[in-house]
Amino acid sequence: MSLKIGIAGPVGSGKTSLIESLTNLLKDKYSLGIVTNDIYTTEDANYLKKTLDLDNERIIGVETGGCPHTAIRDDISMNQKAVVELEEKFNPDIVFVESGGDNLSATFSYELIDYYIYVIDVAQGADIPRKKGAGLLFSDLLIVNKTDLAPYVEIDLVDMQIDVKENRKNKPYVFISKKEPQTLNQVVSWIEALI
């Protein structure tokens, strides 16, 4: 049975890029599978197939045809089918399930995944942690992404971290940037602790 990790967050927060980075960091040690969700295309899956050194059959794109969080929370049948297909064919250690870009209320059904990560980015605004969406409050790990952009959008990362800590209570969170690859080690450590 695979460890299934959901990854949700608003459009453009860096979900696909996170999966790309994590796959590159984990693929030599673990067997991986990826399921992506888009409303009318398989754009994210196609991107990952082009950029990753991973068998294309290990990446499945789901076209939800509607509201992104419905496919990961309410009617999970298309995603479950994709996960089962990966498990039967490859028996992966880890399957990443990426939701389509959504608002702050995205949550996963725990019938689909074991744990989920919620991704926000600093360019979305300093007030995002204070808006207390379900993804931000209840995800198993919150990632504040694109910290390298903070100076350009006039975000004080210290203040943002205070807001995140206050709203997350005792739940884990990390601040990362693809431009600072060592920050991704925190996410890798979190995942490896679950295996």
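Here the Cβ of each residue, glycine as well, is placed from N, Cα and C on the backbone.
Keep in mind it's a predicted model, so treat the numbers as computed, not measured.
Record features, source Swiss-Prot:
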BINDING   G9, P10, V11, G12, S13, G14, K15, T16  GTP binding site
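Annotated features taken from Swiss-Prot, shown on the structure.
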residue: G9; record: GTP binding site; Cβ within 10 Å: 28
residue: P10; record: GTP binding site; Cβ within 10 Å: 20
residue: V11; record: GTP binding site; Cβ within 10 Å: 11
residue: G12; record: GTP binding site; Cβ within 10 Å: 15
residue: S13; record: GTP binding site; Cβ within 10 Å: 25
residue: G14; record: GTP binding site; Cβ within 10 Å: 22
residue: K15; record: GTP binding site; Cβ within 10 Å: 27
residue: T16; record: GTP binding site; Cβ within 10 Å: 22
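In the three-state DSSP scheme, P10 (GTP binding site) is classed as coil.
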